[in-house]
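Each remark here refers to the structure printed beneath this line.
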């Protein structure tokens, strides 16, 4: 089955006893969250990075979420969709938590959230 289909599954630690920090997609919060993976079995809702998790599982509904820096103190420049302005904007991400309204390039943000006919010819082709 496609990896995207796994996004709806609950995260599964599996029976092994490793303590591997992984990400799973939480459809309720529309965010990728951490869990401890045992290292074997489990299921497909299991990603090595928040980026891979979001890029596989987030939906266009993320575009309507608030822009959240999160509680951590890293200064990572990412893109988010500002629904009030109707456009993708740069914001500073703290490096943990937050939600799915978080994109790794302006292009990625526009592909999810861009409004056709906003003068962006790429979207009209």
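Yeah, the Cβs are placed from backbone N, Cα and C, and that goes for glycine too.
Taking Cβ-Cβ distances under 8 Å and a sequence gap of 6 or more within the same chain, the neighbours of residue 7 (disulfide bond) are 25, 27, 45, 56, 57. Feature annotation from Swiss-Prot assigns disulfide bond to 7-57 (among others).
With DSSP classes pooled into helix, strand and coil, the tally for the domain 'BPTI/Kunitz inhibitor 1' (7-57) is 10 helix, 15 strand, 26 coil. Under the heading domain 'BPTI/Kunitz inhibitor 1', Swiss-Prot lists 7-57.
Sequence annotations record features per position, and here Swiss-Prot assigns disulfide bond to 16-40 (among others). Using a 10 Å Cβ-Cβ cutoff, residue 16 (disulfide bond) registers 13 neighbours.
Feature annotation from Swiss-Prot assigns N-linked glycosylation site to 26. Less than 8 angstroms from the CB of residue 26 (N-linked glycosylation site) sit 32, 33, each of them six or more residues away in the same chain.
Summarising the annotation, Swiss-Prot assigns disulfide bond to 32-53 (among others).
Per Swiss-Prot, the feature disulfide bond maps to 63-113 (among others). Note on residue 113 (disulfide bond): other Cβ atoms within 10 Å of its Cβ, all shown chains, come to 21. Taken residue by residue with DSSP, residue 113 (disulfide bond) is part of a helix.
Taken from Swiss-Prot, the feature domain 'BPTI/Kunitz inhibitor 2' covers 63-113, and the record attributes it to sequence analysis.
The disulfide bond annotation in Swiss-Prot covers 72-96 (among others). Taking a C-beta cut-off of under 8 Å and a sequence gap of six or more, residue 96 (disulfide bond) has these contacts in its own chain: 70, 71, 72, 74.
Taken from Swiss-Prot, the feature disulfide bond covers 88-109 (among others). Secondary structure at residue 88 (disulfide bond), taken from DSSP and collapsed to helix, strand or coil, is strand. A 10 Å cutoff on Cβ-Cβ distances gives residue 88 (disulfide bond) a total of 22 other Cβ atoms nearby, all chains included.
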In sequence order, which same-chain residues at least six apart have a C-beta under 8 angstroms from residue 109 (disulfide bond)?
79, 80, 81, 88, 103
Across all chains shown, how many C-beta atoms besides its own are within 10 angstroms of the C-beta of residue 40 (disulfide bond)?
11
Neighbour-count leader, CB within 10 A, disulfide-bonded residues: 57, 63, 72:
57
Where residue 63 (disulfide bond) and residue 53 (disulfide bond) are concerned, what is their Cα separation in Å, rounded?
16
Distance [Cα-Cα, Å, rounded] between residue 16 (disulfide bond) and residue 53 (disulfide bond):
22
